[in-house]
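Report on one structure; see the data block that follows.
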Amino acid sequence: MAKADTLPVFLKSITIQGFKSFADKVKLELGQGLSVVVGPNGSGKSNVADAIRWVLGEQSAKNLRGSKMEDVIFSGSSVRRPVGMAEVSLFFDNSTGIFPLEYQEVIITRRVYRDGEGQYFINRSSCRLKDIHELFMDTGAGKEGFSIIGQGRVEEILNLRSEERRTLIEEASGITKYRMRKREALKRLDETEHNLERIRDILAEIEGQLGPLEEQATIAREAVELTTEQKALEIEIVAFDLKEVRHKLTTSVQETEELQSAIAAAVADLSQKESEILGNKVKLNLLDEQIQKQQETTYQLDQAVNQIVQELRLRQEREGYLGEQINRVTTELSSHEEKVRQSTEQLRALEDRKALLHKTLEQANQALAADEQRLAEAKARNGLEEIEILRGSLSHLQSKLAESTAELNRFTHQLATLNSTHEQLVKEKKDKEAALFSHEQQEAQVQEQLKAQEELQTDIRLQTERAHQETAQLREQSKAGQRELQELNRDLEKKSARYHALKNLEDSLEGYQRGVRELMLAKKKNQPSCGDLCGTLADLLQVEERYEVAIEVALGAGIQNIVTETERGAKEAVHYLKSHNLGRATFLPLDVIQGGKATVAKEAAQDPGFIGVAVDLITFAEKYRKAFESQLGRTLIVTDMEAATRVARASGYRARIVTLEGDQVHPGGSLTGGSLQRKGSNLLGRSREIQELRQECDERRTQQRELELKAGALSTQIQKGEENLKHLMGEEQELKSALAVLRTQELNLRAQAQRIREEITAIAARMAGIEQERDELQSHKALGAEEQSKLTDSIQEAQEALARQEEKNRQASREMEQLQERLTQTKVQAAKWEQELKQAVERLAQDQALLGENKHLLERKRKDLQDLEESKARLAFEQGDWESRRREAEEQQRQAQEVLIALRKEREVLSKELMDQEGLAQKKRQEQQTLEQKLHNLELKTARWDAEWETGSRRLLEEFDLTWDEAQTYQSERNRAELGARVQEIKLRMELLGPVNQAAIEEYPKLQERYDFLSVQKQDLEEANESLQQLIAELDKTMSERFEEGFIAVNEAFKVVFKELFNGGYAELRLVDPTNLLDTGVEIIAQPPGKKPQLLSLLSGGERALTAIGLLFALLKVKPSPFCVLDEIEASLDDANVSRFAQYIHRLSDSTQFLVISHRKGTMEAADVLYGITMEESGVSKLLSVQLEGQDKDTRTA
């Protein structure tokens, strides 16, 4: 039907070119109203929906029913080549300003080439895919949402789990972008926590490194001084060695020059001999080339003679063949001339026969026309029309008589019926009056029962409300307990993770130097060399947490010193490290280590900031006292730096003093201090923290069990409360049902009483009507008897007239039969002659064609004969020329053989002379080789001295960055032995220093700077962590609120749409877990007319599909789209449901523009415009549109 001009037109038209089966450019003008695309299966109609989805930015080839994006380009057919590009454009009406562009029309175009290059355009200007997404944002249109709905979307709704179905509500509620933001925030939160944990671990590691690194820097400075001295000594040694090598090189140069002169003379003599040999070899090669060329010339002449002889033989064979062909063609020519003569005679005979048959047929047709004239005159005298008129009049009179008789019988029967009915009504009126009295009594009884039940219902309702409140309080307590349990579980997980991480670090001895770690791991494996090890100082002591920093700083690198039972055990451990190349370690043998404590000056001990000697502030087994006293017995612990300076002054700056914060005053008065933040685990605090974490985890597990027991008790109470509530609600429901029954009984009784009163009144009125009707029937019966008598007389007269007319008709019929027989015979004979004439004409045409063909063949044979005779003459003329060629080629062949024999004799003489020259040159070479061997031996010695010079010079340059001349300045009056002895002394001192970390000098300040920087980073990450958690909470709240609003809106819309699609019934959406709006699933409950409510999965196939379509329309109502493409979503519906579906979308088309792809009749009937997709050409879709207005159709090809 036609729509008003005010309907929305958002998508004006679509152009498709080279996309899938649309090889040629097509354009769909959509216009207003409902547009439907139809066509047989495989015609390409769904490619229209794919084209729209593609141009809106679809990136998945699978969603476009392909394997790769190039599959959308037309791939060719049996008669068409593939195209190189696919392009689709959508033309949108922007007169309402739905797009933020200053154009009345907006054109979106997408193009792809076979090489995979893709392009996007807005109004023919190149753009990005992101620009198109932003253009459609908040318009309700786009590839996401509900602008394009295919049959797959219906299947998706049917197959979705309840948890997955909530995504439909989220799309309609606009939650998707919030969920994406939450996912990004959670990812950032996870990264932040991961980075924070890493920074904490790094800080803990750095804190453990700062103290030891400071001591390493001190050792490294001393090592630098020793290394500098060692370097100067080694330079002097290298310079001494290079001076001796230089003298040897000078002598070898003179000897080398003498040998080279002798070798040069020998080379000159040999060169002259080899030059003569080379000249003769060149001549020999030239002769070989001439011989080769002459052999080729001879071979080519042999081939030429053979070819000429072969050609002469072929020409003779060709001449014989042409003679045979001439004879054959001459014979065939005679045969064809005879055929032409015979065909000409037969053609004349056929033309004579044709003329005779034509004349005979004309005479037969004249006789036939005369017989047909006589037959027409006989039919005119027949009189059949008059007979039919008489018969019709008689039949009419007989019908009227039957009707009159039936009417009289009916009047009689009706009178009897009326009398019987009157008697029954009298009896029925008495019965109704008795029933009315009974119903009035029953109604009074029901009213009394109804009053009692309503009072009981009020009492049950009050009990139910109290049970509701009690159960709600219990649930709130249960939720609070669950929240507390969740918090406890999170805390337990966090502490347990920290415990296991620290335990793993402790088990793997992380934080220890390599040598220490390898020894302690070997001890755990019961390595024999490590059986005497007791453990590290860090393992053997315990200290209060407040002293941990001070004790660790006091111990410094010594915290990793290993205590052994004996000195022998320490030596075995050292040997184990050396033999396995596992690093170094420091040992404290209990049998030789010396302990002792510093004596604290009285003034220092009385200082308020003095705490005690470090060894007294820790606990350990008594057997290890000397080991700990050796490390901590001379270190004093004070509260702060102020106290440290006072105590140092009081003790005369002879003791080492450490504050609780790790600052130090060294003997002599030097100070070390600064920031020392200890946030991570360290060697001393790690074991203590592990123990504390173990205790805390046990306490949390105990609390966890208590909370779980409490939760179980609450759950039992809630269950009992819910059972009681269920029981009360059941009683209330039973009362409601009973009240409903009583109210229904009351209404029924009241209605029945009223109906009985109305029936009594109706019976009285009917009795009066029967009496009046009985009088009227008596009058009608008398009139009918009189009319019956008149009709009987009229029938008698009509029968007599009919008999007279039938006799006349029989006489005329006999005359017509005779004429008809003669006419039939004449027609048969004429048809026979006509058929014979037709056959004669056909045979004449065939013979004429055959005659023409034979004449043409005759001419061709004559031409063939002429060509063959000319070819034979030409061969005979050319034969003499080929004989002359043969004789000339044989003469050239003989001359070439004579030249070849002369060249071979000349080569033999030159080859003998060359052999004599090469023997003399060989003797000269042996003399030269002897001289060269002497030179080679001298060069080897020189090379060795050169290598020593180069090695020494390179060492000066690479190790000391000096040249030979610069190294001369380092020479002293000491000999080489004295220099070497001093170098050995320095190396021994370096060994006593132990491992030297040269990088510690620069690493220590860098490490401190890094520690400060990471501390700031840690604070920033903690603030970012808190900010992200707050953002996630806000997003959760927003998503819950929007989901709830969206769910309510979609549910209400779904109820309305379901009733309209099913013509009744009831449906709703239900939340699986209403308390968890962020993750709850969504169930679909449907009750088609005449059925009970049930889940979507329990409905029939057609009901499930129509319900899913109803949900899609509800979503479209809540989140409307200016245009919507429906791709065969009604395919699984029966005809009745298809009609309701079509009527519904036709109503929706008032506010949303629909383009429906379908092959169902009901959908097509509802369309305003039909587009037909056909494949007139295999593999190529063609578009046909039909504009429907009333009964008129305007059809055009796109």
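Using N, Cα and C of the backbone, Cβ positions are placed for all residues, glycine too.
A TrEMBL annotation is a machine prediction, not a hand-curated record.
Per TrEMBL, the feature ATP binding site maps to Pro40, Asn41, Gly42, Ser43, Gly44, Lys45, Ser46, Asn47. Asn41 (ATP binding site) falls within neither a helix nor a strand when secondary structure is assigned with DSSP, and so counts as coil.
Summarising model confidence by region, the coiled coil (175-209) averages a pLDDT of 79. Summarising the annotation, TrEMBL assigns coiled coil to 175-209 (among others).
Taken from TrEMBL, the feature coiled coil covers 326-522 (among others).
The domain 'SMC hinge' annotation in TrEMBL covers 531-648.
The coiled coil annotation in TrEMBL covers 690-948 (among others).
Outside the coiled coil (1004-1041), and at least 6 residues removed from its termini, the chain residues within Cβ reach (under 8 Å) are 175, 178-179, 181-182, 185-186, 188-189, 192-193, 195-196, 199-200, 202-203, 206-207, 209-210, 213-214, 216-217, 674-675, 677, 679, 1077-1078. According to TrEMBL, the feature coiled coil maps to 1004-1041 (among others).
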Which listed residue (Gly42, Gly44) has most other Cβ within 10 Å, given these are binding-site residues: Gly44
For the ATP site built from Pro40, Asn41, Gly42, Ser43, Gly44, Lys45, Ser46, Asn47, further residues of that chain with CB within 8 A of the site's CB center: Ser21, Gly39, Ile1173, Met1175, Ser1181
Which same-chain residues, if any, lie at least 6 apart from Asn41 (ATP binding site) yet have Cβ under 8 Å of it: His1159
Largest tally of Cβ atoms lying within 10 Å of a Cβ, found at which of the binding-site residues Ser43, Asn47: Asn47
Cβ packing number for Pro40 (ATP binding site), 10 Å threshold: 12
Helix, strand or coil at Asn47 (ATP binding site) [DSSP, three-state]: helix
Chain-internal residues near Lys45 (ATP binding site), provided their CB is under 8 angstroms and they sit 6+ positions away: Val37, Val38, Gly39, Ile1157, His1159, Ile1173, Ser1181
Cβ neighbour count (within 10 Å, all chains shown) around Ser46 (ATP binding site): 20
